[in-house]
Amino acid sequence: MSSGMHVALVTGGNKGIGLAIVRDLCRLFSGDVVLTARDVARGQAAVQQLQAEGLSPRFHQLDIDDLQSIRALRDFLRKEYGGLDVLVNNAGIAFKVADPTPFHIQAEVTMKTNFFGTRDVCTELLPLIKPQGRVVNVSSIMSVRALKSCSPELQQKFRSETITEEELVGLMNKFVEDTKKGVHQKEGWPSSAYGVTKIGVTVLSRIHARKLSEQRKGDRILLNACCPGWVRTDMAGPKATKSPEEGAETPVYLALLPPDAEGPHGQFVSEKRVEQW
């Protein structure tokens, strides 16, 4: 495998929106597409399913909660391709509405994967992104709703153009601590743990886009957060309005922005349109 070969990678690619994104990239992206999943058997089964459709993704194990797993993937990409052209951070979790797990545990578990896991992937893989690369962080419209339910003080912090990654990490940790103390509502947080983790993903995207513009100005890398919509998946359930294929549309659009595109960059995108944050 030569370092001249283009490569796209999708996290959480074995089912739902992730699998639909992999399928589209296999059809539309000129290069290799790597499907990653936490569970090797499920990931390989997804690859076989796509092979039966005449597509040929590669598989690599990735558990975004496990730093060693992330670093093994990083080393694989560096060795096989000399970097990465497209990264779609899709892996994430949500508790069902009726789940009896105590709220503070839901908050901690969801935050660990959706925010901190995604952040760890970015820390390890963003330095590998090649010039004209594309990074897509799958967030949610729930992040916009959760933001509107935050106190004005928190809203101001999350909308700040100068918030640092360290400050954001501090706020995400504070949310989890506040839920443990049972004071999260008094402290101005909304009642959706999932929504807060996705605020984290959207704001992290804004921070990373800003850093790329400052540190790699001429490389024309575009990084955005997006909402796939309300999609029929294991996570959202059967009543959702969109198919996984429809949910993949905006993430794939952002992953395949043409080389000469100036934007969007550092935006929250829904239905292929930039939404106000």
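Start at 1 and count along the chain as shown; that gives each residue its number.
Cβ from N, Cα, C; glycine included.
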Among Gln106, Gln185, indicate the single residue that Swiss-Prot lists for the glutathione site containing Phe95, Lys96, Val97, Ala193, Tyr194.
Gln106
Neighbour count first, Cβ atoms within 10 Å, every protein chain included; then name which of Lys15, Lys96, Lys239 tops the list of recorded positions.
Lys15
Whole-number Å distance between the CA of Val196 (NADP(+) binding site) and the CA of Gln106 (glutathione binding site)?
12
Phe95 (glutathione binding site): tally of other CB atoms within 10 A of its CB:
17
